[in-house]
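Listed features, source Swiss-Prot:
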BINDING   17, 21, 278, 322, 423, 427  ADP binding site
BINDING   17, 18, 19, 278, 322, 326, 423  ATP binding site
BINDING   17, 87, 88, 139, 256  sn-glycerol 3-phosphate binding site
BINDING   87, 88, 139, 256, 257  glycerol binding site
């Protein structure tokens, strides 16, 4: 029989948009076990995206058990556990029964557009930006809460009586992990969130890290619904679920993009990462000073260690990244698989004058033009599939540059390099394009699944499993670095052509 060793590992639960994962790492930062399970995407009508919170909780239990069984360990051997999650996705439930009053409304869901238009018209964007760091749009949780209160029968009345809880997905999982309705030891389960998730609701004053009564009133949300806000890294409570991770301390909670920055070792002011997933998510550590963007970005909290002031960040999100490649594959059927785009794009030396502006749902950061629509410009009889494939990859790189330039203006200094992660960074042509279009080095780590890894690092820091940031940085390996090969003149000529193409996406 294998001898068990106390506190030899750290676990991380990564609850994402399409699946839930559990990873377990050792003290070298190596991932020793992984388990994952997808959940259903519920699409009741166009623009609506929902998840079943109960299914997700069931999947959490399943993947944690699978990851532990795979390496034959017990909770005794796990020092601590961290939780990361798809941000903004909204759940309201009855703590007396554990039953959600409605499906989780996912961050991608756009049903709250009309609520947001009315809110922006009444209050103006600047007030919300100055107070929360966010712009009023369909992403944050606040408008989703209001929609559930206004549209699900009986929910507003129950909320006003204090009978219901709201949470983003971290809050829902923490409540279940710490006992839920069972209360094995008679103690109430935690109803908490961390500052990074709270900062994505439109309800938290980013200056004080507390819920803002005036903002809650503007959205007509009872404050009794809201969880307690806690630092990202510190002592939450031990797991009180007999089935999984019994008595393991929860010591780290982060929203997914902040967790990815943590997993990249983005601890210094100016450190910046881009996650190339369904969309593109750029986050820059701006240090202890809050910077409210003047160039179309959002301000958020990168992380907070218990007993310390928060560390802030600038964020720019682009809606179309990997999803543009999926569109090429599934809707146009132009490529057989997503990875095949690189092979086709390499067949030509340039885009042949073709540009694709993927404003399928408008343009997001830093332009924020919801009425823009996707266009393909520069088509001639000379253009072929290879040129279009190249234009798709270039669109990803150009959109990233737009956000990077905005970050540099807000931060008052140029980026020295960009750290990258996510599935698309396996496309080496795209990464070279990115270095060329930015004019800086692009750095890919050894493990590109940095969201789960960053959560494990945060939990390990919170429990003392890892000593400090320096130790964590030593554990992060660099797999590859791309350096610019374009001249400055070539770079700016290409960027000017992109900007010209974007003008055709605007309504006339």
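If you go along the chain as it appears here, the first residue is 1 and each next one adds 1.
Glycine is no exception: its Cβ is also placed from the backbone N, Cα and C atoms.
Shown here: features listed in Swiss-Prot, placed on the structure.
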residue : record                               : DSSP (3 states)
17      : ADP binding site                     : coil
87      : sn-glycerol 3-phosphate binding site : coil
256     : sn-glycerol 3-phosphate binding site : helix
278     : ADP binding site                     : coil
326     : ATP binding site                     : helix
423     : ADP binding site                     : helix
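The sn-glycerol 3-phosphate site is set by 17, 87, 88, 139, 256; from the centre of their CB atoms, other residues of the chain with a CB within 8 Å are 85, 86, 89, 106, 107, 200, 255, 257. In terms of C-alpha distance, the listed binding-site residues 18, 19, 87, 257 place 18 closest to residue 322 (ADP binding site).
Within 10 Å of the C-beta of residue 19 (ATP binding site) we count 14 further C-beta atoms, all protein chains included. Of all the binding-site residues listed here (278, 326, 427), the one with the fewest other CB atoms within 10 A of its own CB is 326. The two recorded residues residue 257 (glycerol binding site) and residue 88 (sn-glycerol 3-phosphate binding site) have their Cα atoms spaced 12 Å from each other.
When the binding-site residues 17, 19, 326, 423, 427 are compared by Cα distance to residue 87 (sn-glycerol 3-phosphate binding site), the shortest distance belongs to 17.
The binding-site residues recorded for this entry are 17, 18, 427, and the Cα of 17 lies nearest to that of residue 256 (sn-glycerol 3-phosphate binding site). Cα spacing between residue 18 (ATP binding site) and residue 88 (sn-glycerol 3-phosphate binding site): 14 Å, rounded to the nearest whole number.
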